[in-house]
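Chemist: Look at Swiss-Prot and you will find 1-26 tagged as signal peptide, backed by sequence analysis. The annotation topological domain 'Extracellular' is assigned in Swiss-Prot to 27-436 on the grounds of sequence analysis. If you look up Swiss-Prot, you'll see N37, N58, N87, N115, N123, N173, N211, N247, N256, N282, N332, N404 marked as N-linked glycosylation site. The disulfide bond annotation in Swiss-Prot covers C294-C306, C300-C314, C379-C400, C383-C389. Taken from Swiss-Prot, the feature transmembrane segment covers 437-457, and the record attributes it to sequence analysis. Taken from Swiss-Prot, the feature topological domain 'Cytoplasmic' applies to 458-820. Annotation source Swiss-Prot lists active site, proton acceptor at D634.
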Amino acid sequence: MRLHESLSPIVHVLSLSCFFLSVSLAHERALFSGTLNDSETIVSSFRTFRFGFFSPVNSTNRYAGIWYNSIPVQTVIWVANKDTPINDSSGVISISEDGNLVVTDGQRRVLWSTNVSTRASANSTVAELLESGNLVLKDANTDAYLWESFKYPTDSWLPNMLVGTNARTGGGNITITSWTNPSDPSPGSYTAALVLAPYPELFIFNNNDNNATVWRSGPWNGLMFNGLPDVYPGLFLYRFKVNDDTNGSATMSYANDSTLRHLYLDYRGFAIRRDWSEARRNWTLGSQVPATECDIYSRCGQYTTCNPRKNPHCSCIKGFRPRNLIEWNNGNWSGGCIRKLPLQCERQNNKGSADRFLKLQRMKMPDFARRSEASEPECFMTCLQSCSCIAFAHGLGYGCMIWNRSLVDSQVLSASGMDLSIRLAHSEFKTQDRRPILIGTSLAGGIFVVATCVLLARRIVMKKRAKKKGTDAEQIFKRVEALAGGSREKLKELPLFEFQVLATATDNFSLSNKLGQGGFGPVYKGMLLEGQEIAVKRLSQASGQGLEELVTEVVVISKLQHRNLVKLFGCCIAGEERMLVYEFMPKKSLDFYIFDPREAKLLDWNTRFEIINGICRGLLYLHRDSRLRIIHRDLKASNILLDENLIPKISDFGLARIFPGNEDEANTRRVVGTYGYMAPEYAMGGLFSEKSDVFSLGVILLEIISGRRNSHSTLLAHVWSIWNEGEINGMVDPEIFDQLFEKEIRKCVHIALLCVQDAANDRPSVSTVCMMLSSEVADIPEPKQPAFMPRNVGLEAEFSESIALKASINNVTITDVSGR
């Protein structure tokens with residue numbers, strides 16, 4: 001009796017606890033058959049996933065979707081009304097009268113529906129969120145699935161979700177499609193899909209480029225994809241099958257499910273697997289494809305191999321040569337290679353030895369293979385006896401692979417891979433032939449004779465030029481001598497172009513070849529007779545850049561050799577004409593991309609971060625690592641050119657100043673540069689140093705990150721205001737914002753603010769900037785308020801601003817703030 005009495009309070013408390021727990025669990029339900037308004041959700045049985053309404057980052061639109069419930073970072077894995085957002089909180093998720101799951105807005109318009117043809121009623125169907133993340137609509141009486149979200153994925157691939165085609169799906173193709181951007185879940189530019197014939201392969205396609213292939217996994221052999229040799233069964237793909245009816249599906253599972261992982265196709269076309277870190281309370285990058293340049297589909301063109309561990313990555317297969325040698329040497333490998341010698345089987349006569357095969361090891365198999373079940377010896381004979389066969393391979397699970405068309409997308413792998421045998425003419429294997437030695441000797445002698453003739457001809461031409469140009473040529477060489485230390489020998493390698501040569505190259509400076517208008521005159525695209533593409537800057541007489549600026553640029557650039565500096569090919573002096581000839585930059589200038597919403601999407605964050613690093617490396621070379629110490633004085637987005645691979649190159653050295661080794665700063669009465677990029681001590685006092693270039697660098701960094709121009713320093717004020725609020729989302733270009741890179745973006749904003757501080761001494765050197773960018777744990781000081789240019793700084797500054805108002809659109813350089 002006493003025992004019963006003593007336990008009664010405990011039993012009572014436990015009963016109440018169970019009651020409230022049951023109420024709580026009832027509220028956190030996994031299924032529903034009625035309605036969910038904007039503030040209501042359902043959660044999976046073990047609380048891994050939640051379904052309801054959400055808003056993406058930097059957006060107020062409302063979408064019905066599924067996201068991870070147990071982590072603080074919003075990570076959406078499926079969206080219902082991805083094309084039809086709701087702009088307020090009036091949305092409702094419900095079971096309609098015909099038994100379908102629907103999303104409606106405040107006016108009861110159906111924005112999305114499962115659209116299942118069923119005779120079920122609203123009372124006989126229920127929606128349930130499974131612990132797998134699969135949202136299902138099922139018959140309440142039989143539990144049969146009528147519809148499931150796993151058959152209609154958006155950008156995420158979850159464990160046990162099928163990708164491909166299968167009898168279960170009614171023959172439909174199940175693909176993964178990226179979001180448009182982090183703020184817009186509507187279908188984006190990229191799709192990942194499983195392609196079955198002749199071998200199952202995973203592909204990423206660019207929807208905006210006629211479904212062009214971006215990446216392929218290589219063929220599947222029953223255990224792994226050939227192009228993903230480091231991915232072993234269990235870690236990435238758990239099972240895969242091809243059904244008898246030629247429909248197939250891939251399903252993925254992780255070997256260790258103790259760590260939360262998310263595999264998705266991001267809006268830039270990368271398939272990314274990220275892992276949740278409890279220590280960091282954020283996602284960390286696990287792996288991604290494409291991971292290297294060689295992963296990009298057909299990066300090197302046909303008949304090539306791509307090796308990410310070599311520089312350059314691309315090389316022609318033995319027996320082949322570049323299709324366009326000039327383009328190839330300039331790093332444009334898209335044209336690929338062509339065969340050096342015809343195959344014996346292609347010759348009209350049968351004289352000569354039979355073709356042979358070159359074996360390449362550890363290869364990712366090229367695209368477009370044909371499949372055969374022949375044995376390895378039979379595979380070899382089949383290829384040898386067919387002149388249309390250009391390569392073959394044989395491997396466990398693959399059988400015999402035959403190629404009858406160009407070999408594209410071949411890659412040298414670090415591990416695993418297969419042997420690929422390439423058909424070549426027999427003469428390609430003659431290593432003991434003495435003819436190469438004889439040819440080499442003759443060639444060397446020929447080169448010597450030609451070189452001698454060229455030198456003699458050059459001397460004669462130079463003498464004729466001197467007579468023809470008279471005063472102009474002599475004048476420029478006198479200036480060159482003064483700047484180059486009194487020796488013309490230092491500039492002998494820099495050619496002087498004839499005016500007619502450049503006129504012909506640019507089609508008489510036609511408008512169709514005009515690339516743009518700089519502060520010193522128009523720039524034209526041209527092509528020399530030997531096929532070299534060039535950019536010609538034709539200096540206008542009204543530009544203010546006279547002989548001094550031209551000579552400065554000739555001297556400065558001719559002495560500099562760096563990956564991130566534009567290359568100068570030569571110049572032209574003819575009467576009143578002054579022209580500079582540069583290497584042609586096919587991707588134009590940085591401002592063309594970051595300030596144009598249509599082009600900005602081409603530069604994702606990884607690309608922009610590489611551009612930032614490249615600019616810093618180029619500037620570090622100017623300030624510290626070159627033979628001369630050079631202050632650029634006109635560093636801005638329009639003076640950062642991009643080559644074919646989007647590698648940045650600093651250009652326009654007409655305003656540069658060469659510093660003696662024992663000087664740190666200088667003063668000038670002639671303030672030159674571009675408003676918005678000029679440091680305050682330079683704009684108002686004419687004092688310039690390395691730190692004035694650092695200020696310009698900071699402005700460029702903020703423009704790259706924000707996608708906005710620094711007009712009248714308003715960008716600096718805007719960024720500083722948001723920075724003080726502890727957020728960066730409002731200052732970052734939506735095209736690049738991704739929580740995956742938020743830490744790195746924040747660090748770059750931090751560094752940029754240090755670069756634009758008011759006092760030059762507070763700004764870091766470029767070497768310090770490079771160190772902070774490359775360091776993960778750098779102790780970066782807190783920035784002070786940046787320099788906001790005041791309005792009333794005297795007549796000269798007002799004149800400077802008036803020029804800048806006109807120049808802000810065209811990026812015209814201010815050449816003199818004291819009127820001419």
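A Cβ is built for glycine as well, from the same backbone N, Cα and C atoms used for every other residue.
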Chemist: Rounded to a whole number, how many Å is the Cα of N404 (N-linked glycosylation site) away from the Cα of N58 (N-linked glycosylation site)?
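Modeler: Per the Cα atoms, N404 (N-linked glycosylation site) and N58 (N-linked glycosylation site) stand 51 Å apart.
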Chemist: Using C-alpha positions only, work out which of the recorded positions N58, N87, N115, C314 is nearest to N211 (N-linked glycosylation site).
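Modeler: Ranked by Cα distance from N211 (N-linked glycosylation site), first place goes to C314.
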Chemist: Any idea what the Cα distance is from C383 (disulfide bond) over to C400 (disulfide bond), rounded to a whole Å?
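Modeler: Their Cα atoms are separated by 10 Å.
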Chemist: Using all protein chains in view, find how many other C-beta atoms are within 10 Å of the C-beta of C389 (disulfide bond).
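Modeler: 18, counting other Cβ atoms within 10 Å of C389 (disulfide bond).
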Chemist: For the topological domain 'Extracellular' (27-436), what's the model's average pLDDT?
Modeler: 87
Chemist: Quick check on the disulfide-bonded residues C294, C300: which one has the highest count of other Cβ atoms within 10 Å of its Cβ?
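Modeler: The most densely surrounded of these disulfide-bonded residues is C300.
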Chemist: Whole-number Å distance between the CA of C389 (disulfide bond) and the CA of C379 (disulfide bond)?
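Modeler: C389 (disulfide bond) to C379 (disulfide bond), Cα-Cα distance: 11 Å.
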Chemist: Listed recorded positions are N115, N173, N282, C379, D634; which of them have CA atoms within 10 A of the CA of N123 (N-linked glycosylation site)?
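Modeler: Matched recorded positions: none.
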Chemist: Would you mind reading off the Cα separation of N282 (N-linked glycosylation site) from C306 (disulfide bond), to the nearest angstrom?
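Modeler: About 35 Å separate the Cα atoms of these two residues.
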Chemist: Nearest to N115 (N-linked glycosylation site) in three-dimensional space, by Cα, is which of the recorded positions N58, N173, C300?
Modeler: N173
Chemist: Find the shortest Cα-Cα separation between C400 (disulfide bond) and the recorded positions N37, N58, C306, C314, and name the residue that gives it.
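Modeler: Going through N37, N58, C306, C314 one by one, the closest to C400 (disulfide bond) is C306.
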Chemist: Counting only other Cβ atoms and using a 10 Å cut-off, which of the disulfide-bonded residues C306, C379 scores lowest?
Modeler: C379
Chemist: Report, as a single number, how many Cβ atoms besides its own are within 10 Å of the Cβ of N58 (N-linked glycosylation site).
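Modeler: Taking every protein chain into account, the count is 14.
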